[in-house]
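Visitor: Before we start, here is the structure in question, set down as structure tokens.
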Amino acid sequence: MTGYISGRRRNWRAVAAAGAGVLLGLTGCSGPESNGQTGANATPASTAGLPSLSVAQSTLSAYVGGTPGSADAGKPPVHIGFITQHGGIPSFPESQVAAEAAVKFVNDKLGGIGGRPLALVPCVVVSAQEEALNCAQKMANDERVKVVQLSLLTVGTAAVYETLSDRKAVVGQTPASPTDVAAKGVYQPWPGSYGIQGGIAKYVADVLKAKRVAVVYDGDDPGSAFGAKSVAAAFGHLGVSFKQVATQTGSADVASALVSAGALDADAVVRISNTPSCVPTARAVQQLGVKAPIIALDFCTDDSVRQANGGDLPKWTYVGQSRNVLSPRTDQQAAIYRSVMNAYAPRAKVGGLAPYAWDSIILDAKMLNQLGADPTPAAVSDWWKGFGGPLFLGPDRVACGFLADKGLPSLCSTTVFLAEYQGGDRWERSVEVNAESIGITK
Amino acid sequence: MAGPLLRAEALCLHYGGVRALNEVDVEITPTELVGVIGPNGAGKSTLLDAITGFATPTSGALTFDGQDVLRRRPSERARMGIARTWQTLQLFEDLTVSENVRMAVPRRPKAVGVLPRRGGERAEHDALARLGIGGLADRMPGELSHGQRVLVGIARALAGDPKLLLMDEPAAGLDGSERDLLGEILRDVVASGTSVVLVDHDMPLVLGICDRLYVLDFGAVIASGAPRQVRNDPAVVAAYLGADDPETRDEERLQPSLPTEGAR
Amino acid sequence: MSTEQILAFMMLGLGYGALIAGLATGMVVTYRSTGVINIAAGATAAYSAYVYSELRTTGTLVLPPSIPLTADREPLGALPALAIGLALAAGLGVLQYLLVYRPLAKAGPLAKIVASSGVLLTVQAVIVLRWGADPVAAPAVLPQAPVDLLGVSIPEDRLLLAGLVVVVTALLWTLYRYTRFGIATRAAADSRKGSVLLGLSTARLESANWVIASVLGGLFGMLAAPTTQLQPTTFTLLVVPVLTAALLGGFSSFGVTVATAFGLGAVNSLIALFQGQPWFPKVDGAPLPGVTELAPFLVLAVVLYLRGRALPDRLTAVAPPMPRAPRPRHVGPAAVVGAVVVVAALAGLSFDWRQALINTMLGAVLCLSVVVTTGFVGQISFAQMAVAGAAGYVTAAIGTDANLPFPLPPIAGIAAAVATSLLFSVPARRVRGLQLAVLTLAGGVAAQRFWFGNPQWGSGLRPANVAPITVFGTEISPSHSFWGTESPSSGFGLVVFVALLGCALLVVRVRRSALGARMLAVRSSEAAAVATGVNVGAVKTAAFAMGGLLAGVAGVLYGYNFAGVSADRFGPLTSIAFFGVAVLGGVGTVSGALVGGLLVSQGLLFHAVTTWFGIGPDYQPLFAGLAVILTVIGSPNGVAVSVADGARALRETWRRQRRRGVTATGES
């Protein structure tokens, strides 16, 4: 009996030791994978042939209205708050990496803001509304911060806008929720999933000349579902007949939805989804032998899709809010962005939300160069309202608030870029489509 | 009062293919102590469940106090005056002894709600005092001995002033003196006007205090009558001799003289 | 829509059905042997799948410490990777059993399901910390060439998966029916004592069963992962359909479980087919959303309701204990001290601590609703989060969309919460214990998908913003300055405190009332309560109404705190995590709810840990998961009761020692 007990104790001790080891190991190894800088996340596309940094310097200093050269490190920095989301689900670590690269570049090559260095005050939301509220309160209570640059947040944005309202100038980036689109006095330079659908519809109707379209979307994702709804409205106006069917994010069974939406005899298939649905879609398309061109969001250009799809992306047409940064060969501005990223954040993810975050900082520099380092919230809001473009990585023309009468006061643009992928890292030049308003193309 | 207090006629209860009760006829008259014995699995507890409404008979008739109660819900039957105890006692472990008992004191109509009931305290006090456990009123059931817990269970059952009290193996786990006390209490309960149905394996107790017995085997009544009659019934002896191991003890207790067994 | 088409679509759902079936059979195994509903089954299966994919891409074994198995991060072959993955799954099964469920062998269903949610949170947190949220590619194991069947082409792996499920089910059935091991397992499940008499080691039997279940989950996880992309929640969220299948199989029949799983797969596919039909209900041109989530829940609810019994089963065994619910004491002094401390804190603390205090008070209100429904009446309901959500969404709609003035929006919100909670009380009259837990979890998910996250009438299209409280033209909101405090304003903090105080006093009052006694009677023994004439149904309804009221207050306050509601807040994982925290604090007492409040996300405790020890918020889910497991094992009554017990014991020792000291001096 005693033997039995002591034997059991030994087992327990061994198990406890193993448990502790597991924990220790965990804390030791979790860091690098989650900050968006690993080799696995890097795009294999070659960096050869990118323009030199001096080209980037001259082009961008003209764009932001800065003085080529480095900022004076002795001068007091100009602080920009930066609220971003990573570490939970979903997670966009590339935003902060790209924003920091842009800040370094601005300080190094564009003379900062009137010679003063730009400094990022980041605040990270992991996954909870409480964290977003905390970040907003931190910004509101930080005397140094005059401008808060948002990056894409999926939680707690209502609290952020409410808390910072009239206290700090807030600059949006790309809307992820209806709250973003409806925010007052805050402008979102990029259309997000709330502004790209009209462009897609127009492309499908005018460029592909499609008569029948199958639309498959992630029904459990509000952004995708909104997209499906507005693309339906747009098709209706364009006289394109369509069928739409919802799946669930990441569901392995996309084939049912494709068949049900009539993908087998449609002229085009529009797939509106997040990254986890891309590979199942690619498999289902292959399995069913769908012949029609596939239009998918650029979430599907993620490296995980490339890996799971046998090392190459599916040969689809990808919809982006920005110029195609994966194809520097076909776009000069994208090439300059890549060159800057290559110099200041080598091996970082260049796709995903990185271009928007990077461009946001460049735009902030442009704005602060014009408004001075300590702008009021009203001044910032007015600047955006009067800003006609261009976005460095986006369309030439934007008009913030142009959809205010449609209940979308914070949108600045509904322009999308569609790029056809031919495989083997070769891209067609992207097509810029400007739907003048969501779902309604005049 | 004329007629029986409770009458079960041809009660049948089948679980799947198992006949837990098979054409059982039982009659309980006011103020009598009736024992129900039989091997494990004979259907004794099922019979209690059927009478109290926790099991629904497949067929048969059941009248209590002259009313058909077969389709009544257990809480209604409880309010009509059928109380019971469990072998596992089922005390309310989170309530004090007095709260346990108070739960069974009939509520005056319209007293539903958050306000505590008055008047109940007296009935509750009486029920405890009657069993000699008035001193335990503010204790928690978990702090009591098994014997005391059994008494709390009985006090709770009696608090509603039932006409019929059904008891499932109350003597299990009691020592000799506790068992004697239990016997006295039960006689006293009957004397005060409540009929009692006692299901127990403790033959000396059952044979010693009951007015009448029913013997169940395989869900059917195989014998009934006064204890002396039943003890010598060949069918009963056969049923007990043929029973599996755990029940042979019953058989042993059934045959020899009572007093020595009771002192075990 | 021809019959052939319907059959073809049912075939297309085979893959999904097979995955559900694989996980569900494992769930049946663990339930049959140890009475645990393993809601972490999906998460642990995902862990195996992640390990497998890491081995196949970089040849590294992640335990989580990374052990490179190949030189130069060469990928490992499919078979060795699969074998290692299975071994790991087996290890995870044994480890879970020994560390978590064996110590809980005698515990009640509440402790077991909460422990299992702790495991879910922990494994999920490890996955997120180690692999991040980005989808991970999992190289295929099974061939994926399309096969033509009934006019549709189906990838071979789906058919193989489905075939494997059938084979495995047959094997399991044989194993548990005819082998010595299987018979022993069933004997042990019927009566632990009996198996000990038979000379069987229950520990060995039970751990073997956990290994079987875990290996099954791991196997199907690894085989099915390549059909999609792995994300931390991909498998975890399957827990709802998996539970549905296992529950409809009565947690005992492999055949019914597997058949239901395939049925769910087919239904999933058929809903896709129906969406393309002209008759399918449409909202603004888009097919009615949320049907995929709602349909299985309705089936589950109806079946359980019909199959359920208004009365509990025969009581041959003593019910396992629930967390203790002692009578509240020193309420008056505690309330006064609490008021003084909170007012001083709101006036004096810096903004971040003020917000942490507000978060804590909000969490405590929601925990109070768990105290009433689960603590007092013993109904394990995971739906409190959804009930709070109902209040938040209705408040947003009434205040912002309908533009009605204060106090109409919160009143309507709380009324909606009570109504939603009463809806859940209907099945609770006939469905009890773990079945109710599963049903409410599924119901919460359905509510979140069909209502809150719904693009048509949830927060998908319109912002669900909550207009601030305005009384006589004065705005009391977190962002409106008050007493010179900026966001979060002390004024809002006071509002939350008054609400918390009111709710706490209400719960104290209920616990001391006759109704409260009846609630605890129902919790201890439904049968005895019925037999003493208690109207159990009415007591349950009252408890759900009160739980709904409290959750409603919490939901409304959440809305005000964040100036809006979002569907994420009310998802299944948050509901599971929140329930765990509530049990951790203690569901039997008001003080337990207050402790629960301290422990909620961004509450005072976590804020302290983050500020003082620099532990990032990304580690919080991990610590929360581990804390839930440890508390359930070490302190089954919750932290609050344990602390009170400890303090009492200490006081007594001290008193005894003093007395001894007094006698000693007297003698000298």
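Glycine residues also receive a Cβ, built from the backbone N, Cα and C atoms like all the rest.
Those TrEMBL annotations? Automatic predictions, nothing curated.
Quick caveat, the model's predicted, so the values are computed rather than measured.
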Visitor: Under TrEMBL, which of the candidate ranges C:433-452, C:453-472 is annotated transmembrane segment?
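Guide: Within the set C:433-452, C:453-472, TrEMBL attaches transmembrane segment to C:433-452.
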Visitor: Using Cβ distances below 8 Å and needing 3 or more such pairs, separated by at least 6 in sequence, tell me whether the transmembrane segment (C:6-29) contacts the transmembrane segment (C:256-274).
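Guide: Yes, the stretches contact each other.
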Visitor: Any chance the transmembrane segment (C:331-351) and the transmembrane segment (C:113-133) have 3 or more Cβ pairs under 8 A, given the pairs are 6 or more apart in sequence?
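Guide: Answer no: the transmembrane segment (C:331-351) and the transmembrane segment (C:113-133) share fewer than 3 Cβ pairs below 8 Å.
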Visitor: Any contact between the transmembrane segment (C:622-650) and the transmembrane segment (C:357-377)? By contact I mean 3+ C-beta pairs closer than 8 Å, pairs at least 6 apart along the chain.
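Guide: Between the transmembrane segment (C:622-650) and the transmembrane segment (C:357-377), contact is absent.
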Visitor: So which residues does the transmembrane segment (C:286-306) touch in its own chain, when a touch means Cβ under 8 Å and the partner is 6 or more beyond its ends?
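Guide: Long-range Cβ neighbours of the transmembrane segment (C:286-306): 240-241, 244, 247-248, 264, 267-268, 271, 275, 280, 426-427, 430-431, 435, 438-439, 442-443, 445-446, 449-451, 453-456, 460.
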